[in-house]
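Taken from TrEMBL, the feature domain 'BAH' applies to 4-144. The domain 'ELM2' annotation in TrEMBL covers 145-256. The feature domain 'SANT' is assigned by TrEMBL to 263-315. Annotation source TrEMBL lists region 'Disordered' at 411-436, 564-587, 633-663.
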Amino acid sequence: MAANMYRVGDYVYFENSSSNPYLIRRIEELNKTANGNVEAKVVCLFRRRDISGNLNTLADSNAREFEEESKQPVLAEQQKHQLKHRELFLSRQFESLPATHIRGKCNVTLLNETDVLAGYLEKEDCFFYSLVFDPVQKTLLADQGEIRVGSKYQAEIPDKLAEGESDNRVHEKLETKVWDPNNQLKDPQIDQFLVVARAVGTFARALDCSSSIRQPSLHMSAAAASRDITLFHAMDTLQKNNYDLAKAMSTLVPQGGPVLCRDEMEEWSASEAMLFEEALEKYGKDFNDIRQDFLPWKSLASVVQFYYMWKTTDRYIQQKRLKAAEADSKLKQVYIPTYTKPNPNQIMVPGTKPGMNGAAGFQKGLSCESCHTAQSPQWYAWGPPNMQCRLCASCWIYWKKYGGLKTPTQLEGAARGGSESGPRGHMTRQEVQGMSPFTRNEGRAKLLAKNRQTFILQTTKLTRIARRVCEDILQPRRAARRPYASINANAVKAECMIRLPKATKTPLKSKVVPRQSLAAIVKDLAISAPLKLKASRGPPTPINRNQASQPRVGQSLLGKRGFDSASGVPYPANGRPYTSGMRTTSQSVIKRQKVSQGEAPNPVVFVATKDTRALRKHLTQSEMRRAARKPHLLVRIKLPPPPRSLAMPLLPSSTSEPIVLED
């Protein structure tokens, strides 16, 4: 019962997504809506996964400084990884969430020098924070409410003087004496002098024009003159005049007129006081933010002094009563039953209703992505659906509470939704190459910043076997159409080992295919397709206006070769003779979406001629479709034989003999 009772000030878990980790919030208010539901006004706390990489680097440097100053024990790499999951960042951001989304309580404390970081790993649902995150400005700042505990905040106590040893310190340099209780005046005399000082202060306010506007009545001026600033001035006057009443009286009323002493309550105007009350309602006792956002022309000391004087006024008492009445009308606590509905990411047992995220398509033989165990009472789908990764029950609870895995993995970054920018729907070519199961770990090249960087994927023996044994899981054709989608190599290999017979688990003898060197391949390409220098025929006629100013770029030796490099076939894929004027441009006629320079293809524009159109008529519909689907294959056209003409006798052009016609 007590575990499900949530009160104002509790740190709780909120669930906004079935697959994402819990949100950690602090309850500030519990309000009942018009339809009877309960909403919680909460303060947002952020994890490391919610901030950008630059701020994570800043947090790492702050953590290293803390470890050096507090002399923390050395932690293992796994403990350092898990300790990052326990660090939170406080913020000033508020939001309202339905109370039914609460999933439990947690404990969040401010980190100080006396804490041992390893102690947070030993306790469940324990977090710490030391920095404040601003979601708008995207900054990390040290918390101003730091608890001053530690060796650097302790006073240095000198050694005790021995008996008969004299104190050689100069007391005037150590402290300033402001009052001597062993003076020659009696208490009634001091009280009379204080009354005179108040009367002089009231008279001084009557002479001051600005004070008479602020305190138009006599009793308001007398009340202002009775404040501590007047009493402190009177006692300082007695101390400076060596407790001589006659000299002190003359000091209170010099020749120029009575001395006027005013504190912060009188120095501040009514509009400034209203700004202070508004800022205090928004920021609380965070005087730095109050001064920065509302009263930048005031000093920090002035703001602090005004606060403690403002607490003695009737205005503070009235606001305190109003807040107490509002607090009585609001909810103090709320009971939320334990959430028992099944998670959609559960991998169901055969015969039950399948879950979401592709849970029904998981294969046997997979292990937990975090602890690598193969046995668990319940499995949960984790990460991108096409990766088919899963977590055991304990690692799933750890993921939901702490926002990470127990051990660092390569897929944790892919499953994490970026807060710095929106989640990407695809990965870059270098990321796919790094996560592909068809590349060796030792052969992964460093990411280069060059455009059109050539890379070669070299497969292993097990990968070549898995392509054929686990073809239904790997789906090579679909993977070839979507090269940016990552493939779970562990799942494919695990299923391959299950499907392979026991006899084939011995090392297989594979035939080594001799591979030519790169220089030999380049030489063969140069011989088969030599570069032919063509005479310049002037600038080509542009197909559209935008191509008039585009220079023609020559193809490199290893670049894409045109159809004119083929030999032995009379016609290319589009059925047009090579001798006609084929124009290649660096810009497509159709206006398309802009892509990066490294990923942009080389567009080719074909201009059909009369001969090409005539040849197309000799292609059947199936041949046309085949040519459209596979434009890289050459098309062979069987031209019909020309029609035979009738043999006509050759007549002489002229003859002298008569023509005889027989009947």
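Cβ from N, Cα, C; glycine included.
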Rounded mean pLDDT for the residues that make up the domain 'ELM2' (145-256): 80
Helix, strand and coil residues within the domain 'BAH' (4-144) as assigned by DSSP: 39 helix, 60 strand, 42 coil
Secondary structure tally of the domain 'ELM2' (145-256) (DSSP, helix then strand then coil): 63 helix, 0 strand, 49 coil
DSSP helix/strand/coil residue counts for the domain 'SANT' (263-315): 38 helix, 0 strand, 15 coil
